[in-house]
Amino acid sequence: MNEMSKSEITDKKKRYAAGVLKYAQMGYWDGDYQPKDTDILALFRITPQDGVDPIEAAAAVAGESSTATWTVVWTDRLTACDQYRAKAYKVEPVPGQEGQYFCYVAYDLILFEEGSIANVTASIIGNVFSFKPLLAARLEDMRFPVAYMKTFAGPPTGIVVERERLDKFGRPLLGATTKPKLGLSGKNYGRVVYEGLKGGLDFMKDDENINSQPFMHWRDRFLYCMEAVNKATAVTGEVKGHYLNITAGTMEEMYRRAELAKELGSVIVMVDLIVGWTAIQSISNWCRQNDMILHMHRAGHGTYTRQKNHGISFRVIAKWLRMAGVDHLHCGTAVGKLEGDPLTVQGYYNTCREMVNEVDLPRGIFFEQDWGNLKKVMPVASGGIHAGQMHQLLDLFGDDVVLQFGGGTIGHPMGIQAGATANRVALEAMVLARNEGVDLKTEGPEVLRRAAKWCKPLEAALDVWGNITFNYTSTDTSDFVPTASVS
């Protein structure tokens, strides 16, 4: 669909006498354009209104996300407008989705402020999603040049250093979210944390909406949680942690909470995605300066990532967060209660953990991405998972992942500590079997049953949750046509 390779009106007399021109005529469409290594590339899924030409719609996306407005302006002549215009350079029908098109847009690097995700988002998604000629639009993927990557500090700790600090290697890390999310007193909250850590978990965590409410002030929570962490560390001889949620109404308050977490000896703090890009980059800098691991809860993402025809793919959010600088990121489970096609979720994990992402259409990765020297992010699998799924989780995601069993720990019929022990034994059994060459995909359930014979907590977990699944159709799957290079 690129037959309209060049439609720009370059004659200045005609151009500036025209008043209103189509975006393609203003220079925002160039079907012959070859993207440069230094361009920022974006792939949009667009649904034009009836009667709107897809190429004109693509040009409008390029224009409205760079320099255009609805009419020709004389001040274009005061700029290097040919360089500053984004260029839509390819439009393709989305396979199996009538009326939807993939449009590829290239942006010159000079359009963006270095080291600022806020500026990237203001340009790429700031205006075009409300544009009337489009029924819907979704940002599917982006590619950033290495030159731009190097303007970001990235994760403050990274997977390698985190494992060194924890002295834990060769297996996924285990965690749990304290439940119920809201309503516990500080003392009871701390007791839950202690039981989980003593039972074998590496981390316990606050949930996204526990901040500083009347039933439990944040200081009380921090004090009781760190008392629990220190006691569990002493009892088990392992480094333990609790994700202390420092999310607050102002940056000043977030820093105040982070400082107390540091004074109390915490190795990790947590913020929610909803604090915003500037706050995320700011607290990441603080974590880097204070040798603190930064856990990111993706609270709110589903409002704009879940529907495949409008919004932003989570793989793009994951890229922005790696650049902004987080160490942990919730990326989905594929087998739990939250939205997640297995291949698509693996694409999110690869975005976090690989130093170079190759094109992988089944996993939704449309561009090769070289991450330069940015550290890797530890993905987190959380939401409706239990010990009976351990073989699936290990098979899907490998070792570099935090597996968080909230209800699958706190809801154990023998108690919280038993729930933690069940998860730890299930994990250790799976890792041992895998290292001995067992195919976890086919033999995993049998490995669990054998381990449960000498572990009552695991046996009880399998009895209660063994058949629990969340088999619903995923709303966000990759649309692509297999090519010779992608099977």
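Heads up, the Cβ atoms here are built off N, Cα and C, so glycines get one too.
Features as listed in Swiss-Prot:
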ACT_SITE  LYS179  active site, proton acceptor
ACT_SITE  HIS297  active site, proton acceptor
BINDING   ASN127, THR177, LYS181, ARG298, HIS330, SER382  substrate binding site
BINDING   LYS205, ASP207, GLU208  Mg(2+) binding site
MOD_RES   LYS205  N6-carboxylysine
SITE      LYS337  site 'Transition state stabilizer'
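Shown here: features listed in Swiss-Prot, placed on the structure.
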residue	record	Cβ contacts under 8 Å, 6 or more apart
ASN127	substrate binding site	GLU64, SER65
THR177	substrate binding site	MET204, LYS205, ASP206, ASP207, SER382, GLN404, GLY406
LYS181	substrate binding site	ASP207, ASN209, ILE210
GLU208	Mg(2+) binding site	ASN245, THR247, ASP272, HIS297, ALA299
ARG298	substrate binding site	LEU273, PHE314, ILE317, LEU329, HIS330, CYS331
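Ranking the binding-site residues ASP207, HIS330, SER382 by how many other Cβ atoms lie within 10 angstroms of each Cβ puts ASP207 at the bottom.
Under a cutoff of 8 A between CB atoms, and with a sequence separation of 6+ in the same chain, the neighbours of LYS179 (active site, proton acceptor) are VAL192, ASP207, GLY406, GLY407, ILE410, GLY411. Cβ neighbour count within 10 Å across all protein chains ranks LYS205 highest among the recorded positions LYS205, HIS297. The Cβ centroid of LYS205, ASP207, GLU208 marks the Mg(2+) site; residues of that chain outside this set whose Cβ lies within 8 Å of it are THR177, THR178, LYS181, ASP206, ASN209, ILE210, TYR243, ASN245, MET270, HIS297, given in sequence order.
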